[in-house]
């Protein structure tokens, strides 16, 4: 049949319960009298419900039914108008009317049903339906009144009735019966002028043998499907033969004709040889399933077809005879049909009349469209599924059936097709696709899966769809946003080179955004975005989604609501490649091309909720099994909604906002300064001084149409760049900056290079006021296409962008300074202040950068809430000053600067102008004065500080003037405000003078200006109305002594001279700070040490000692700063040469820091057990070892100590020797001595490995300022030391700290800072780092470290080879002899008192020598002894500290020389005494032992050295007693390593001659010792 297909669909839902009351049910007879009525219990018609009854009448007007909300807005009224039924209803004061097509005043019985479905209300008369739909604000009807039939009581006051005049409407005249609410009968509350009527259409029980009577076209009809009889009245026996055996055989045959379908199988019967052409048909079958949706049976094509399916657990029938589709849905009263029980279906058609019944009880009857009565099909009969179910005409579902089908039979007047039996016996016309099993087996349920976190997802196989395809699934969630499905094709270059997005891909996606479901599709010619829901779908209920596509066109259905779509362009092919992602995207998206239109992907919104019944092209996907196979994190195989609200337990910390999600709470940490699931982790802070920035470089060019940006900031400046996206190829930017104390948002989308409307300039929004108050402020930006929203604290600004272009391109996210300046005309001012919690589209970039989670971060800013002193300049005298360009402050002004001084008075700033206009800022008697004249005479505002400000501390000054002429002066935290009337503009001209004036200008100053001299002190962070001048380079004129930096007047060790537990060492002309064990660097140990960030993929920094320069040590010192969040990883490991097995390892285990080392036999472990260190905060760990003794300390926490059990080595040796036979004494003694060596000496160190990658225990985070026995390996790595190799994810932060010293305060290299020597002979030393001086920095060799010295203990009688670099190993001898030091042991040391001036000690030649040395340098007593640190909480340590010292020596064949080492107090590194575990001691000097060339030589050396030791001691004592004969003066220039003249060995070598010759002239001088 070829007729025009009319898209006429209507749904008939009728449920008839048959029992004893059906035929006997009493009706109501209405006489049409005034004030007649029948009152029933209230019908709940608020959302979804049905009401039905039967009636007959012969009148054309009358009120049938009425209900309302008590006189407000809502009502529903059924009445007769001109013989037709009129439905009139209102919701939320929106009203509509529906009128039936059929005349009903014909004295025949008619069936009427009113169906409510939220905003839609339907009217069905005898199977023909119409509906009306409203668009109210709320999607439900308020029902307050009872239900009235036939009329409304007159005693109800009119104001309580919503519909005016309803009481005056004529009453109904006729019969009504079988009133039902759904399938239940309501209770009659009362009536008036109404009679009971026993007559009914089925009152005479016409059906026999248990047949069911129902109305059809107003006449009683019998349903005989459950009786075994046929005929009009179920009176004809239709059994096929007599006898019980036939019935048993028939039952057996029925049981055998069963088949199991699992979603991919189906049966196909070919009708091409015997086409169907019938006017009446019957289909019978039984099914059993857990599945909610699936095709059961289909035949026909185009406009002639029959489709039977399960749809959301109900049975759906769609029939089209050529003039339009008839659709019927049969639902059970309770539950669904997918309950895994058998259900029987019978469909009968006679001409246009169609009846479908399920289980013989639930019956639906209706009519097809117009007058077509013939069904024709020459196609196929599909059972259980089809090759492409979504493409079948009229198919309401897209997937195949899963479950069991039994006895599928089709018959008409001509043929009977037992389809199940034909498939089982293998009929030639029946094709079986897939593995169909002809018995009923259990089919695994498609269990739902629950995505518990936004990061959870699973991968699905490639979707092989080209021209057509279908996807269906159910989802359930309460969260408004989430990416549900995404897949894309192969990248292709766009032909238009001007396009901003130069690669394109076909893609398909489904996302939930703001509660609405969207389909996104691109088939090569542009993206379409289809909104598939009219109301929000995140209400926690299940929603069924069915997507069907044929070429460019298709439909997406959500709960039967269909939305058509058509793709752009001409292509009908969707070319996809790779996996399809369900629930979200993988963390590593390097291979993905994410379309800008897919906002959930750009914003990192993963789906949190449940998914079930996923079918792709009609075939089921067992997503639970896929999740288990992929071990998908955060995916569970169940779906239940928690009843309790998750936020009721207040899980969010630090004042974070809690939101209820899907079975979870969501903590919004914005504005708290914390992050984490419960906002429990403190976010990292970056400090900016105007020259610093953080730049995140995207791994690829980014294109977005939606952004979420949030952060906190704190600043005292009114101007400065906060955050900006920048592009290398366009002017595109999303920029946030401080502008006059407000936050300014500017979004500029460049239209130059792409085909879009010309840009109308950047969109700009402002929010906030006076934000430069040095308090934390929270900024949020939300952009969705053209919509912009800026929130600063509680101030909200919103805007809409003009034009059609919404795509933002960027390569970088920049903070502090904008480095990408090619496409901007005005560069924003640099930022001075602090940033925290920068989150851009779900990524917390500051913490990601700090922890090494991203490898594309350029970091020049400093971590931590630091006191920011930007670009300080020192004005050394009161006559010093400089001039800058005129201050531009005509209408408003924001000035900021910092100062530090000891002078009570002085000019800070002055600028004159036209007429009397001027501005001056000065210090008067220690207080700030702000003096100005705008033309109305001079005014002065005085700061109200609590005390004078000339206290040599930094102070902050903010001066503002707004458009209302309100002036404010803020000094530190004290504010003074004054409103000035009159002139508002400040018209300045001439130069701006800083820190003073030219000498002749002081006599011509305006009134109220008190200063007559310049400012002496330091100025920093100068901000002149948004301009950050460089006071030195931008100066137009300079006069006097002006220097960059601010050293201050202190030249002696003060309590705060050295920061971060650095050790202050008093020098001749100042002091130096030993920063070696602090992880910091700089003159005062307040600059970060060389810092590397190790990424999550692991990295390794490997230092290898040269083969001939490998040290062996008795004691070691190790310090490093770190921050990390990993629970397990190796920070540093030092290994001996292959085969020896000695090692030392610093690691984190279960979040706690520990050290394990082995120096001979067993592993020795020491651990900080109290507190985990993987909290993301910065920690400094210090480790010391002396033999088997060790200490470990984190920050200022208590020290952890380890001492070996037992007595000293010698005591143990003597005990053992008493029990050994005499002849075995010698070999046993040699063996025990060798074991003793192994227990105390770290032999032949070969390499230092940093990062743990070589051992498989990766460290992730940052490491800073690593120090080990004189080596700063990270500094060496930053300087590209040839002995260091770097591989993996390792990134240097910023630059290697450059250090410049001054004559006042210098800083020695940390590894050399403890090598100030006091000896009885003059010895040369070597340095292993760059010397810091004011003039220049001279590089030296890094090769000679601790390996350059030879140790001096009982194990040192092995051969020591001199360094091969003669220029760096030089000895100087005076008096014509070589000095030798005796052997020493730890027992020789006592806690002797030494000079408070130098804090140095000597190795003990004798107690008298120590006392003499101490007393010889007691003349200089500063305010605080050198060696004092700013750390009062630590316990005092013993005074004697011997630190590692690289020294040079000479070796001859008979005499051993050893350096004598002095060191200042080092209180912050507690160490252990190797022989006295009961007393806390610090170790001796780092002892370095060369590798022995042979064991035999060592044994011989021990015997020889014992005698030699005695001779050396006697010789030293003799020389001491005769010191006057060989006296000399120790030249301080040789003893201070920090002196630039000795910063490398070559210079020292050149001085040898003068040193020797000068010795004779000094022979008769008094003894002098400089320390």
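Cβ coordinates are placed from backbone N, Cα and C, and glycine is handled just like the others.
Feature annotations, courtesy of Swiss-Prot:
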type     : residues      : note
BINDING  : 304, 321, 374 : Ca(2+) 1 binding site
COMPBIAS : 1333-1348     : compositional bias 'Polar residues'
DISULFID : 202-213       : disulfide bond
DISULFID : 207-222       : disulfide bond
DISULFID : 224-234       : disulfide bond
DISULFID : 404-440       : disulfide bond
DISULFID : 610-639       : disulfide bond
DISULFID : 647-658       : disulfide bond
DISULFID : 652-667       : disulfide bond
DISULFID : 669-679       : disulfide bond
DISULFID : 1018-1046     : disulfide bond
DISULFID : 1053-1064     : disulfide bond
DISULFID : 1058-1073     : disulfide bond
DISULFID : 1075-1085     : disulfide bond
DOMAIN   : 643-680       : domain 'EGF-like 2'
DOMAIN   : 1090-1290     : domain 'Laminin G-like 6'
CARBOHYD : 58            : N-linked glycosylation site
CARBOHYD : 105           : N-linked glycosylation site
CARBOHYD : 757           : N-linked glycosylation site
CARBOHYD : 1189          : N-linked glycosylation site
CARBOHYD : 1287          : N-linked glycosylation site
CARBOHYD : 1331          : N-linked glycosylation site
CARBOHYD : 1347          : O-linked glycosylation site
SIGNAL   : 1-27          : signal peptide
TRANSMEM : 1497-1517     : transmembrane segment
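Here the features listed in Swiss-Prot are placed on the structure.
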residue: 105; record: N-linked glycosylation site; Cβ within 10 Å: 20
residue: 304; record: Ca(2+) 1 binding site; Cβ within 10 Å: 25
residue: 321; record: Ca(2+) 1 binding site; Cβ within 10 Å: 28
residue: 658; record: disulfide bond; Cβ within 10 Å: 19
residue: 669; record: disulfide bond; Cβ within 10 Å: 25
residue: 1053; record: disulfide bond; Cβ within 10 Å: 28
residue: 1058; record: disulfide bond; Cβ within 10 Å: 31
residue: 1075; record: disulfide bond; Cβ within 10 Å: 32
residue: 1189; record: N-linked glycosylation site; Cβ within 10 Å: 24
residue: 1287; record: N-linked glycosylation site; Cβ within 10 Å: 13
For residue 1058 (disulfide bond) and residue 304 (Ca(2+) 1 binding site), what Cα-Cα distance in Å is obtained after rounding to a whole number?
93
Can you tell me the CA-to-CA distance separating residue 1189 (N-linked glycosylation site) and residue 667 (disulfide bond), as a whole number of Å?
48
What does the structure give for the C-alpha distance between residue 404 (disulfide bond) and residue 304 (Ca(2+) 1 binding site)? Integer Å is fine.
27
For residue 610 (disulfide bond), the number of other Cβ atoms found within 10 Å of its own Cβ:
22
List the same-chain residues at least 6 positions away in sequence whose Cβ sits under 8 Å from the Cβ of residue 652 (disulfide bond), in sequence order, or say none.
658, 665, 667, 668, 669, 678, 679
For residue 105 (N-linked glycosylation site), which of the listed recorded positions (58, 222, 374, 1075, 1287) have their CA atom within 10 A of its CA?
58
Just how many other Cβ atoms lie inside 10 Å of the Cβ on residue 234 (disulfide bond)?
23
Among the disulfide-bonded residues 679, 1064, 1085, which residue has the fewest other Cβ atoms within 10 Å of its own Cβ?
679
For the domain 'EGF-like 2' (643-680), what are the DSSP-based totals of helix, strand and coil residues?
4 helix, 10 strand, 24 coil
Could you tell me the C-alpha distance between residue 234 (disulfide bond) and residue 1053 (disulfide bond) in angstrom, no decimals?
116
So for residue 1073 (disulfide bond), how many other CB atoms are inside 10 Å of its CB?
29
Identify, among the disulfide-bonded residues 207, 440, 1018, 1046, the residue whose Cβ has the fewest other Cβ atoms within 10 Å in this structure.
440
Please work out the number of neighbouring Cβ atoms within 10 Å of the Cβ of residue 222 (disulfide bond), leaving out its own Cβ.
24
Residue 374 (Ca(2+) 1 binding site), Cβ-centred 10 Å count of other Cβ atoms over all protein chains shown, is 14
Can you give the mean pLDDT for the domain 'EGF-like 2' (643-680), rounded to a whole number?
92
By a three-class reduction of DSSP, residue 1189 (N-linked glycosylation site) is assigned strand
Considering only the recorded positions 58, 207, 374, 1018, 1046, which residue has the minimal Cα-Cα separation from residue 1073 (disulfide bond)?
1046
Rounded Cα separation (Å) that holds between residue 321 (Ca(2+) 1 binding site) and residue 1064 (disulfide bond):
100
